[in-house]
């Protein structure tokens, strides 16, 4: 979706952290991306390189950690892990699932100098 | 100085070893060396744990908008859909039917003030936000628009988002409910193709039902697909053109506004 906007969010957080903690360079930045976050990883990586120019994270390595998609099954009332949004419940094969996790888009940590 | 990671200059406030993340309040953990063994680094590198949502700034603005709306007992609807589903026509008809109910409209589009102009012709207060290249409204834009609208107590605020079934799903504007408009010419499988938006919505309005017989639209299939991606979604069928079904939509709005206003009183 809006990977450029997300990278602008990342840049804002990097700049705030650089001011608060006095570092000049981010070596590695790790983000956690949920399965259902709607983030296209290749687009995020491309936008990251472009948007970070001129800020402490220019040239930083972007590492993406996948978080699983979780949903509540309305048929068996269990919380289950699913690969794709439209998958049936792996326990009871029901088709009514409400996502309850997997929409995360979070900066986990940064390695800085 | 902490002997585990070599950090200094900030107070932890609790005795511990460093085998856990610091709290959800955004507390930071940093040191001269590496706090963990999971990131390769050179000796002078240090690890800063952030644990911050990438959209944290937007979410903070959204919380601010929500506080303002709560204090006013105002109910905000974020109208989302693909382009051409009839959002503005539905709004014009809704405004005419709401009569004396205080309301205001925020219109989001990439370009032009056409939609705000149409709303203003009804006599309602409207502000156009042009996002330029942007594919969605964000909470900061909406907060600015709310400042200009000078919302009265107990108002309905309609936020017509940019016509796009993808990006607006991820951006909280501080609204009380997302309402997805889906027109019957779009295809019954639209909710399956763009599940995130329909999962985020509290209500789906199936618009242009007067056209259903002309395009072989199966309204029950629309509803079944909506419930497949969101078992809790409410669905209303109407035609903004003929007015059929409008009474249910108006009743829904009055009920939600009533609950919110009573909460603020």
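Backbone N, Cα and C atoms are what each Cβ position is placed from, and that goes for glycine too.
As written in TrEMBL, here are the features:
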| type | residues | note |
| --- | --- | --- |
| BINDING | A:2 | Ni(2+) binding site |
| BINDING | A:73, A:76, A:89, A:92 | Zn(2+) binding site |
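Taking only the Cα positions, the spacing between residue A:89 (Zn(2+) binding site) and residue A:2 (Ni(2+) binding site) is 29 angstrom. The binding-site residues considered are A:73, A:92; of these, A:92 has the fewest other C-beta atoms within 10 angstroms of its C-beta. Closeness to chain B is evaluated for the binding-site residues A:2, A:73, A:76, A:92 by Cβ distance, with values under 8 Å counted; counted residues in sequence order are A:2.
The binding-site residues under consideration are A:76, A:89. Their Cβ neighbour counts within 10 Å are lowest for A:76.
Within 8 Å of the centroid of the Cβ atoms of A:73, A:76, A:89, A:92, where the record puts Zn(2+), the same chain has further Cβ atoms from A:74, A:75, A:77, A:78, A:80, A:88, A:90, A:91, A:93, A:94, A:97. Other Cβ atoms within 10 Å of the Cβ of residue A:2 (Ni(2+) binding site), summed over all protein chains shown, number 23. Cα separation, residue A:76 (Zn(2+) binding site) to the residue listed as 'Ni(2+) binding site', rounded: 35 Å. Distance noted between the C-alpha atoms of residue A:73 (Zn(2+) binding site) and the residue listed as 'Ni(2+) binding site' is 29 Å. A straight line from the CA of residue A:2 (Ni(2+) binding site) to the CA of residue A:92 (Zn(2+) binding site) spans 35 Å.
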